[in-house]
Amino acid sequence: MSDTDGHAARASTIIALALTSLVAYASARALRSAARDFATQQSALLATMTALERRNAEASETRRRERERNAREKRAWDSRAQKRMSGEEADAETTDSEKLGRRRSATEADEVASGRASGATTSPRAIGGDDVEEGGDDGRDVRAFDRDASLGTPTKRSLTHATSWDSNRDETETEIDDDAELRTQIDVVDSPLATKFHKRLDVSVEIDPDVQAFVGSPLPRALSKSEEHKGAMERANSAFLERASTMSTPESSVHGNASSSKNGQTPWPATPDASMAVSFKPADRSMGRELFQRVVDADVASGESPRRYTPPRVMGAGGSELQYEKVATEMMETLGHECEEVCLMLEYALSLRDKWLFDDSEAACPVVGKPNKSETLPAKSDHAFKMIDGVVHVYTPGENGDLELVHAPPGTATNFFHDLHALLRVQSYGPSKTFCHKRLNLTEQKFNLHVMLNADREFLEQKQAPHRDFYNVRKVDTHIHHSACMNQKHLLRFIKSKLKREPHELVIYRDGKFLNLREVFESIGMTAYELNVDTLDMRADKNTFHRFDRFNLKYNPMGQSRLREIFIKQDNLIRGRFLAELTKQVCSDLEANKYTMAEYRISIYGRKATEWDNLAAWVLNNNVYSENIVWLIQIPRLYNVYHAGGTMKSFQQMLDNIFIPLFEVTVDPSSHPKLHTFLQMVVGVDMVDDESKPERRPSKHMRVPEAWDVQHNPAYAYYAYYVYANLYTLNALRVSKGLNAIAFRPHAGEAGDIDHLCATYMLCKNIAHGLNLRKSPCLQYLYYLSQIPIDMSPLSNNSLFVDYHKNPFPQYFARGLRVSLSTDDPLMIHMTKEPLVEEYSVAAQVWKLSAADLCEIAKTSVLNSGFPRASKKHWVSDQYWLGGTRGNDIQKTNVPDLRAHFRDDVLETEKALVRRGVVQARQKGREIKIRG
């Protein structure tokens with residue numbers, strides 16, 4: 001056993017020694033191999049470093065020669081200038097120029113040859129004519145924009161193509177300064193290749209006289225530019241033509257980069273019918289493309305080195321200058337047959353709005369705050385008026401004693417319903433839906449990219465505006481019903497205080513006897529101690545979703561209509577004293593806040609002709625006015641209820657009760673003196689009811705209101721026409737007498753058919769809600785182009801028709817529609833003393849709105865409102881009606897100039913696209929005929 005153990009031990013020792021030797025040998029081989037690899041890598045690295053040093057040396061030598069060449073050129077330019085000043089002959093200048101050109105060509109050839117010999121990549125100066133360093137999107141930093149002889153010389157072109165844009169001297173965007181001076185002129189160049197392309201398509205390069213006349217004719221208001229922008233464009237065009245006529249054909253053959261736009265007139269709007277290439281510097285195309293190149297600026301002409309490419313910048317109204325990043329899109333030379341047809345349809349739809357909409361630019365401003373009750377009433381005018389087929393017409397005595405028609409609506413009911421059916425055809429046309437859907441998606445993505453690239457710059461710009469943030473910029477609650485302007489806690493405290501202080505006040509007449517306030521509460525079995533917010537039961541909850549009838553019942557405290565009549569009605573036994581006190585308390589809160597305004601909507605039902613006088617007396621007798629509020633009149637669409645109750649025989653009677661008093665007081669203010677004063681505080685008329693109720697679409701030939709004696713309610717569009725037509729005539733009369741106009745601002749698109757939004761597109765100045773625009777891309781695009789204000793109330797919609805997270809407000813906002821936030825019914829919806837700030841707060845948290853977004857929405861609410869022009873100048877800008885930075889003062893709105901410029905840029909791009917499609921279609925002799 002011992003011998004066996006000894007042999008085993010020796011064998012184990014031998015095996016261990018062998019394994020150790022094997023491991024040591026393998027490690028030695030691995031180390032030798034690693035050493036060889038390291039030596040090889042070191043050799044390669046040294047060779048690479050040597051090559052880099054050699055290349056850097058060559059580059060340094062190239063730059064040195066470039067500097068010398070620039071110095072020689074500068075001396076040559078100075079010599080030429082001296083010769084020109086001393087009056088030397090032009091032949092001598094030509095000789096110097098030729099010598100200089102030959103010297104420069106020889107230098108360039110030497111450098112190209114040396115570059116090829118050294119194996120280096122061809123320098124960008126072989127393409128652009130200047131040495132540049134790495135940088136930019138494509139690895140180059142373009143320093144100069146020379147002209148290409150192969151592209152042709154600048155020629156005088158038609159108005160369609162000779163549009164010029166202001167340009168920054170050293171970047172692809174413009175400075176927006178107050179006097180609209182031109183920085184650098186952009187030329188439109190006729191390309192021989194493009195000319196051949198047109199001839200191959202049998203399309204004349206010259207625009208025929210008919211198209212030229214069309215281009216010079218007025219476009220729809222939504223497609224036209226502001227007067228200031230028109231003036232700047234005219235000056236730019238004149239400078240372009242003058243400069244182009246004095247410049248000779250360039251000698252060098254180089255390609256320049258495209259330049260960008262000013263005030264939204266970007267040369268590269270995206271085409272909707274082709275793949276849309278998005279880049280930071282749009283590439284030139286060799287055929288079928290308008291090439292925009294910079295004229296050599298003063299620095300290059302004087303021989304100085306061209307400056308580097310830098311990002312675009314905006315000069316704001318406050319003098320601030322900020323660089324920002326911009327994404328531009330390119331547009332094909334031709335839009336395509338289908339897109340041109342759609343552009344013609346859009347132009348037709350825009351012209352319908354111009355046809356029907358009342359121009360209130362010459363109207364007087366409404367009165368805000370305490371009216372002057374002692375002023376002398378205007379004298380009675382010699383106007384006469386007559387209701388014809390549901391619409392008031394205004395006449396004046398003629399020379400022969402006959403009455404002459406002076407004020408009437410722009411068309412009859414048949415004309416309106418014909419246009420309505422035509423607009424319905426446009427919005428339901430398949431290619432129109434495709435085109436508008438793509439354009440809206442593009443504008444939305446542009447906004448997302450803008451925020452991603454420039455959010456920090458916008459925030460920095462806001463920080464530099466002193467004493468301005470979201471809390472102290474003006475905000476207007478553009479859609480709030482007066483009967484629900486307070487919150488539930490406020491109403492509860494008011495009811496308890498009245499029960500405690502005025503329990504014996506007679507407040508209502510019921511069942512043949514008068515009841516005081518204590519008796520009313522005893523009849524419903526309640527005491528002041530038992531009252532709380534829950535017993536009031538006025539909050540809209542999940543049980544009101546898609547139940548407009550239940551929502552309306554929430555206006556009744558504790559479900560009691562008598563309490564509604566006592567506390568939130570103005571036409572009652574106590575003549576609305578409680579409601580007036582409540583309103584003044586809410587106004588006091590607004591005045592304490594200072595920066596929040598409201599437009600209260602109060603009802604005129606049309607049941608009696610005396611309603612106007614009662615309302616005016618309630619406002620003036622109770623001194624219900626404030627610097628922070630203006631009034632709108634809402635007309636409930638309840639004809640069927642009145643007819644069923646036997647109080648109304650025909651729809652004509654309702655129109656008479658609503659509009660005849662207004663014409664009487666306008667013609668003769670002494671007939672209704674309080675109403676005359678009150679109407680100067682009214683900024684608009686609303687039209688309200690449950691839009692989800694089924695209705696019949698109006699035909700082209702509807703019965704007149706006098707013949708509408710049936711029980712069912714007229715359609716929304718029928719109401720809209722007759723309310724608006726009478727308002728149109730009334731406004732024309734009021735403006736002729738130097739009074740304020742009253743805008744048509746109805747509820748529309750909260751539910752129901754798309755017909756509602758088509759009717760309001762042609763007739764209204766503002767709409768409330770507009771949720772159904774998400775179902776019609778074409779109508780949404782038209783509302784965007786026309787910038788029709790939309791007052792949205794997401795929290796209210798959440799209780800009735802659309803869940804909050806499905807509300808289209810953030811999408812509308814991103815796409816550039818003119819949307820503002822409003823509260824609608826704080827009594828049923830909101831819980832705080834500042835319901836409008838609560839609305840903004842919830843929206844900011846749910847949709848992640850930035851400070852710039854909130855301030856932009858607040859600014860839009862001011863622009864959407866009916867407050868006087870002087871107030872808007874004080875709150876927004878001295879030129880608030882203009883787009884872009886000209887209409888924005890960051891010191892007042894806290895809206896970054898970058899954001900204002902971006903919005904105007906995108907809007908003008910879309911308008912330019914539609915204009916271009918219309919002109920191209922007319923150039924080819926194409927027209928559309930839409931049957932209503």
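Note: Cβ is positioned from N, Cα and C throughout, glycine not excepted.
DSSP gives HIS479 (Zn(2+) binding site) a strand state. A sphere of 10 angstroms centred on the C-beta of HIS479 (Zn(2+) binding site) encloses 29 other C-beta atoms. Feature annotation from TrEMBL assigns Zn(2+) binding site to HIS479, HIS481, HIS747, ASP824.
Feature annotation from TrEMBL assigns substrate binding site to HIS481, GLU750. The Cβ of HIS481 (Zn(2+) binding site) has 23 other Cβ atoms within 10 Å, all protein chains considered.
Taken from TrEMBL, the feature compositional bias 'Basic and acidic residues' covers 54-87 (among others).
For 137-149 (among others), the entry in TrEMBL reads compositional bias 'Basic and acidic residues'.
Residues or ranges marked as region 'Disordered' in TrEMBL: 54-179 (among others).
Among the features that TrEMBL reports, region 'Disordered' is placed at 245-275 (among others).
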Between GLU750, ASP824, which of the binding-site residues has its C-beta surrounded by the fewest other C-beta atoms within 10 Å?
GLU750
Taking 8 Å from the centroid of the Cβ atoms of HIS479, HIS481, HIS747, ASP824 as the cut-off, which other residues in that chain fall inside it around the Zn(2+) site?
ILE480, ARG601, ASP686, VAL688, ALA768, HIS769, ASP791, SER793, SER796, SER822, ASP825
Across all the protein chains here, work out how many other Cβ atoms are within 10 Å of the Cβ of HIS747 (Zn(2+) binding site).
25
Do me a favour and check the Cα-Cα span between HIS481 (Zn(2+) binding site) and GLU750 (substrate binding site); whole Å is fine.
16
